[in-house]
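Student: Below are the features listed in TrEMBL for this protein:
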- 140, 253, 538, 539, 578, 579: FAD binding site (BINDING)
- 473-530: disulfide bond (DISULFID)
- 299-313: domain 'Glucose-methanol-choline oxidoreductase N-terminal' (DOMAIN)
- 1-21: signal peptide (SIGNAL)
């Protein structure tokens, strides 16, 4: 965005203004050329995938009207918008870019690169929680499904029952998702060994290949096809009605518009304001009365942030930021949680094939065990560079579990990445086994850091504040130790520390990764080990819980014409990995809203 010009009466100021004005013109032109290049690439991909309804935000009209405005083209927003477009005119607004043709999104082998990319055009926007844990937030059409490890598993029947969902419609919605983009993985030997090791460690029974969330060990689905290509929530838009759906990319929504309807005490949402990358504001209004809605699907950070920016939130907090409270809603932003993840690296004496999450052990004590392995951890990040990486658990992606969270500074990350260059390539053979805890019971909050809608809000997760979370972690680590010692896993572990030391510099590797077996001098209690080595598995949720913030139909309590349909409504993370249920919820609520819209009589 060009800076405002300088004005002055003196000759000196005129000269300065001229020079600076020339600079800003060149800068604006340069930015515009960059935007044109991005727009040109996205236009080519749009034509290739026949997404005629997808446009760059700068091509949007200054004023437009739709039946539904969906904010957030992510894991829930895409299936929601596609479903609503079957009967209504829908606008989908996404702050990020196009996933198709983006090498960091499309390939299984580039998964870590997407998380390591810190450029303004990256599909992942990095942030650091107030707890000190580095995290990432999706910024791309398709949302988190463009960045994750691809594992697909449903929520448990108990979770569906507790949510109050219609079980028959839930199953139909899951099946719709699965027809579009879920595949059976080809399970390599390392994952087979993990599966057998889990069974030998007591995580039984063997549930085979299933999408169901049940205790025991299983193989789940994946959104990667047999060629290693990622399929994302953006694929659901192929089933949309192209005459009724419009999608604008690089559209950052800054405000939901409210007014008071005559005879009603509740404010009514009637539109939104969004800006394109050049800073131009666009207004979108709902058409019709009582049957049109704004639906937030901006995720755990985005939805509570946008509610607060629009005046829906804790009054005192809003007023501190100069935001006029439309509705004093003290629970907006509360109850946010991130499932703590602790991982260990198991060096292998033999080469290991690449695999992301395919096998999971669902324990009965509230811990889930998964693994990722292989050549990804020995190849360079960003293809041609010769720097080694450990993929999704590298310092390049912000993951440095050998240091307590508060010590994971940018400088510490830089030193760790530099130290990797000195490691023997044999140190990169192996895989990570990780545990994620159920729930969690520890929760925190999201707050505004500023009124800039482009900036991330401040988020505190309070990892392991509840001692029950710590105990679940301890039992999960103990289970991983049994897996590593199992007969099934013997092929992929060194016989002893001496053999490992002979292969590579184990002491140097131990400064970068938490190894299993643990070093003999690491005598920390496992409770402290869990706290010191905690990382994210990117499954954060909450902030707009059902009950305090939205009702069971996901309408925001206290206002009309506004819903939230995404992971911010979850009290607990569903299943072992939540993406299946977030996609299902988009389809499920699209069908429910369709049904409501065709009933006689007003809704609000």
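Note that the numbers count up from 1, one per residue, in the order the chain is shown.
Cβ from N, Cα, C; glycine included.
Whatever TrEMBL says is automated annotation, not expert-curated.
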Student: Could you give the Cα-Cα distance between residue 539 (FAD binding site) and residue 473 (disulfide bond), in whole Å?
Tutor: 16
Student: I'd like the number of other C-beta atoms within 10 A of the C-beta of residue 530 (disulfide bond), please.
Tutor: 24
Student: Could you give me the DSSP helix, strand and coil counts for the domain 'Glucose-methanol-choline oxidoreductase N-terminal' (299-313)?
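Tutor: Across the domain 'Glucose-methanol-choline oxidoreductase N-terminal' (299-313), the residues distribute as 11 helix, 2 strand, 2 coil.
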Student: Say you check the Cα of residue 473 (disulfide bond) against those of the binding-site residues 140, 253, 578, 579; which is nearest?
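Tutor: Spatially nearest to residue 473 (disulfide bond) by Cα position is 578.
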Student: Please work out the number of neighbouring Cβ atoms within 10 Å of the Cβ of residue 538 (FAD binding site), leaving out its own Cβ.
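Tutor: Looking across every protein chain shown, the total is 21.
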Student: How many Å lie between the Cα of residue 253 (FAD binding site) and the Cα of residue 530 (disulfide bond)?
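Tutor: Residue 253 (FAD binding site) to residue 530 (disulfide bond), Cα-Cα distance: 38 Å.
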Student: Which has the fewest other CB atoms in a 10 Å radius around its CB: 140, 253, 473, the listed recorded positions?
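Tutor: Minimum Cβ neighbour count within 10 Å, taken over the recorded positions 140, 253, 473, occurs at 253.
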Student: Could you state the whole-number distance in Å separating the C-alpha atoms of residue 579 (FAD binding site) and residue 530 (disulfide bond)?
Tutor: 25
Student: When a 10 Å sphere is centred on the Cβ of residue 579 (FAD binding site), how many other Cβ atoms does it contain?
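Tutor: The Cβ of residue 579 (FAD binding site) has 26 Cβ neighbours within 10 Å.
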Student: Taking the Cβ of residue 578 (FAD binding site) as reference, which residues of that chain separated by at least 6 in sequence fall under 8 Å from it?
Tutor: 539, 541, 567, 570
Student: Which number gives the other C-beta atoms within 10 angstroms of the C-beta of residue 539 (FAD binding site), all protein chains shown included?
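Tutor: Summing over all protein chains shown, residue 539 (FAD binding site) has 24 other Cβ atoms within 10 Å.
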Student: Please report how many Å separate the Cα atom of residue 530 (disulfide bond) from that of residue 538 (FAD binding site), as a whole number.
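Tutor: Approximately 17 Å lies between the Cα of residue 530 (disulfide bond) and that of residue 538 (FAD binding site).
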